[in-house]
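Participant: Take a look at the following structure, please.
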Amino acid sequence: MRRFCRLLFLNSLLSISICKAQNPAHLVADEFKEHFNVEEKQLETVEELLLKMKKLAHSRSFAGREFGHDAVEDSKKEVAISTQQGTIDKKVSPFLFEGDIFLSRRQAVDILKALSKDKTKRLRRSFVSDKTATWKSLPIKYRFHESIDFYTISQIIAAIRFWEDSTCITFENVSDAPVGDYIEFFSGQGCYSMIGRNGGRQGISIGESCVKMGVIEHEIGHALGLWHEQSRPDALGYVSIERDFILPSYISDFLQRDDEIDTLGIPYDLGSVMHYGSTAFSVDQKSKTVVTRDSLYQQTIGQREKLSFYDVATINTAYCKEECKSEKTECEYGGYMRPSKCSECLCPDGLGGEKCEKNEDAKNAECGGILELSDEWKTIESPNYPDPGYEADQKCSWLLKAPKGKRVEIEFIEDFSFLCTSTCVDFVELKISDDLRNTGFRFCCYDKPEISFVSQIDTAIVIFRSQLSADIGFKIQVRSTESEPRTTIAPTIITTTMAPITVDTPNVWADWGEWSMCSRTCGGCGIRSRVRSCRSKKCEGRRQEFGTCNLKACPVDKHCAKLLSNNRLCNGKVCTKNDIAISSCDAPQCCPPFVNVDGMCQSDQENHHDELWLSI
């Protein structure tokens, strides 16, 4: 069997090494059977149920049209649920619901039954309502399949760390397949996962186009029990579905459901990492299929940077009610005690400090702050506005406070320019509703917002974020006002409060256990882990740590080839250039960022061997 290695250089900064076995005869069904606790017959049943679902939804929406013809035509086109997430692989598409969900047989049957009925009553029921689908014991065990490369592993661990830091959910990496329930990360044909715990081996596919923290957090969110945000029964109060622009055979992927989904009292969040993008399943990948009721939210939906505050709150409400019970909640602006560390507040985006009382600390820039407003205008601008402008990977936030009884007025002035994408990646965000926990309006591209914004309460938050590019940025002026607020959709207030945990004894950790076996035999991209147990009721710190291992360079493989790809943005605009070169693997190989030095894999980054995994 021939092998190939792929080495990608992204934005001249990140390198990814991918080695796989090529086998043209490989059946897509084998991917599901290998990584999920499913047999051939079950897989066929799920495929049949999904097809019935598609046909039924198609007949109701497009009476008189032939489903078979539409399905054939649609299969020729690329589809995705968000421009920030990879396209859906056509080979796995027949087995997936809503683009990236592999349903259990029971879930598929329940959804088809609900679709077959004429339901007129909608219950306020984004979380799986089946209580058996929650993970009963922690930590959740997981392992990496050999198809996962070194860089992807690091991104998966970073995503897991984000979940662990923000919730009471804990994970444990294991080298071999354990007995019982566990997650197996593998490099499959696209990005997909199951909803909730399904028993035994449960895969999460992180394909080549999925190696982004927000996408990985999204797929882990499915495994914990999160459905897509726009599937909630209350979704049509916030978005409308434009059927004329949806690929007809995919209309079943736009259902709002009540029986399978429980909102847990969490407000609808247009900035959820679980939300479809505006061109999901679009006929031409440009026409909008999901349109926000408030047009100012249009470029907010579909983000895949990270979990939103309410994404995390949903899981904390479902799993962590017993945490932090004895702690007095002193967090401001809707923050609450962090379940993973009850002495800290978990703050809404844009806020920070011990009690969420101040703006969030800046990232890679000197900016942000707290502004006490008066009737006089004050100005705020992005870093280095307007020239040379902001740089990639910066963040700033400003907490704006008007006198009691007044509101905050915001106007954009002078030049305005950001990287232009259908879902804003670089943006300025205004949080001006009476719920500062929810995501606000995000603005990008080149057209300066011309209207004057007025907050609903005496406080507002402005957030600047750049992920990919450099550009001019924004400048605004702010002041206090007695004007009426700009009308917008009022988010529902959370009805389920976080139950604040008793820590009766100080941290008492046991000694670290033995290191696990290395996941690779050579090349420096292997990892090993070890765990320790908490001997007191509550411990702070990591219960598992990771290290690199087997740093000897891999032997020469004459059948191996490298694909070098260089992708970069130019001048901060939408401009991408791809350069490809082929070369043979004629020397012992190391996984990036390691290089072969006298037969050993060493990093060109100082202390990289020792610190990479321990710092994740």
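Glycine is no exception: its Cβ is also placed from the backbone N, Cα and C atoms.
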Participant: State the disulphide partner of Cys168 as given in Swiss-Prot, choosing from Cys19, Cys320, Cys324.
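Facilitator: Of the listed candidates, Swiss-Prot names Cys320 as the partner.
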Participant: Take the Cβ of Cys168 (disulfide bond) and count every other Cβ within 10 Å, whichever protein chain it belongs to.
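Facilitator: Within a 10 Å radius of the Cβ of Cys168 (disulfide bond) lie 19 other Cβ atoms.
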Participant: Taking the domain 'TSP type-1' (506-555) alone, what is its mean pLDDT?
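Facilitator: Summarising the domain 'TSP type-1' (506-555) by its mean pLDDT gives 79.
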Participant: Given the recorded Zn(2+) site (His218, His222, His228), which additional residues of the same chain have their Cβ within 8 Å of the Cβ centre, ordered by sequence?
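Facilitator: Counting only non-site residues, the set is Asp100, Ile101, Ser193, Glu219, Gly221, Leu226, Trp227, Val273, Met274.
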Participant: Using DSSP with the three-state reduction, classify Cys518 (disulfide bond) as helix, strand or coil.
Facilitator: coil
Participant: Relative to the Cβ of Cys367 (disulfide bond), which residues of the same chain, six or more apart in sequence, are found under 8 Å away?
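Facilitator: Expected: Ser382, Pro383, Gln394, Cys396, Phe464.
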Participant: DSSP-wise, what's the residue breakdown of the domain 'TSP type-1' (506-555) into helix, strand and coil?
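Facilitator: So the domain 'TSP type-1' (506-555) is made up of 0 helix, 16 strand, 34 coil.
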Participant: Please list residues from the chain of Asn173 (N-linked glycosylation site) whose Cβ is under 8 angstroms from its Cβ, counting only those at least six apart in sequence.
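Facilitator: The answer is Lys141, Tyr142, Arg143, Phe144, Ile157, Ser516, Ile527, Ser529, Gln544, Phe546.
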